[in-house]
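All remarks here apply to the structure that follows.
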């Protein structure tokens, strides 16, 4: 099957997983005696996936936006902020031509990146993100922690790429998850200027003028916002244009997880040199898995395996 057709089919399947009849609406559990015969059973908070679909609201189809209330606990939010404090640097943007990270007045926040699986809390949140989005952990970039002080913002932008260099690292960012780590007294809303139903959202004086330019979501500690940057046919979605409105009162902390079409982890490691991509590689190699399971462990020149370093298939 042509890879583009397969990708488009996969995306169509992914985007139809949260089957919801109208916006906004809640994920519901349908009984098995539905008239049309379609049976959709959503698990509750006791789910082994570690997330509760009953807390998810579909906000929009154009772009595809979902809000998860209480995705993070207060302890998780506070832990992320603690990890970031003292390590923040001025936020950068990707140059549209070269793909290099450059400073810009478009983005005035400060931030830092956590390491993947940095500790148990980070690992648990990464697993929960994969369960909610139905996208593999390895497709995600490291989480970025952002801090916005009074007046700081991120003007409307796209999360998909315009340069070839970034596309080589797992392809486009298919989805973005914004996690709010703090409450904001006023401002700091996430705004979607291109949302077709923006006129239906009534806003009082508690919203900033920036937020009134589109459909907007107020930051609330623990909530998470998932939106897709690509259409189901794998083309870029201009409706996903979004920004972070200036903070007017207080401060804003958030965490961002960008998720790619393909494995970001493998593409990044391939560029970085000879590396293992699983913590158990050395143990597996000693057990003879390099010979027993060469496809996974070693791979080929075109499709590298996950344990090339331990299998001595490359030199660091």
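Glycine too: its Cβ is placed from the backbone N, Cα and C atoms.
It should be emphasised that the depicted structure is a prediction, and the values quoted were computed from it without experimental measurement.
Residues annotated as topological domain 'Cytoplasmic' in Swiss-Prot, with a curator's inference given as evidence: 1-4. Under the heading topological domain 'Lumenal', Swiss-Prot lists 25-316. The Fe cation binding site annotation in Swiss-Prot covers 157, 159, 242. The 2-oxoglutarate binding site annotation in Swiss-Prot covers 252. Taken from Swiss-Prot, the feature disulfide bond applies to 274-314, 281-307, 290-311, supported by sequence analysis. Under the heading domain 'ShKT', Swiss-Prot lists 274-314.
On the structure: features taken from Swiss-Prot.
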residue	record	contacts (Cβ under 8 Å, 6+ apart)
159	Fe cation binding site	173, 176, 229, 240, 242, 258
252	2-oxoglutarate binding site	146, 147, 148, 152, 180, 182, 184, 187, 188, 219, 244
281	disulfide bond	297, 306, 307, 309, 310, 311
290	disulfide bond	284, 297, 298, 307, 310, 311, 313
TODO: For the topological domain 'Cytoplasmic' (1-4), provide the mean pLDDT of the predicted model.
DONE: 50
Task: Structural state of residue 242 (Fe cation binding site), classified by DSSP into three states - done: strand
Open item on the list: Helix, strand or coil by DSSP: which one applies to residue 157 (Fe cation binding site)?
Closed with: strand
Task: disulfide-bonded residues (274, 307, 311), the one with most neighbouring Cβ atoms at 10 Å - done: 307
Open item on the list: I'd like the Cβ neighbour count for residue 242 (Fe cation binding site), meaning other Cβ atoms within 10 Å of its Cβ, all protein chains included.
Closed with: 27
Task: Whole-number Å value for how far residue 314 (disulfide bond) lies from residue 157 (Fe cation binding site) (Cα to Cα) - done: 39
- [ ] For residue 274 (disulfide bond), name the DSSP secondary structure in the helix/strand/coil scheme.
- [x] coil
- [ ] Could you tell me which three-state DSSP class residue 290 (disulfide bond) falls into?
- [x] helix
Open item on the list: DSSP secondary structure for residue 314 (disulfide bond), reduced to helix/strand/coil, please.
Closed with: coil
Open item on the list: So if I draw a 10 Å sphere around the Cβ of residue 314 (disulfide bond), how many other Cβ atoms end up inside it?
Closed with: 14
Open item on the list: Taking DSSP as the reference, which of helix, strand or coil describes residue 281 (disulfide bond)?
Closed with: helix
Task: Env. residues of Fe cation site, Cβ within 8 Å of mean position of 157, 159, 242 Cβ - done: 154, 156, 158, 176, 229, 240, 241, 243
Open item on the list: Using a 10 Å radius around its CB, how many other CB atoms surround residue 157 (Fe cation binding site)?
Closed with: 15
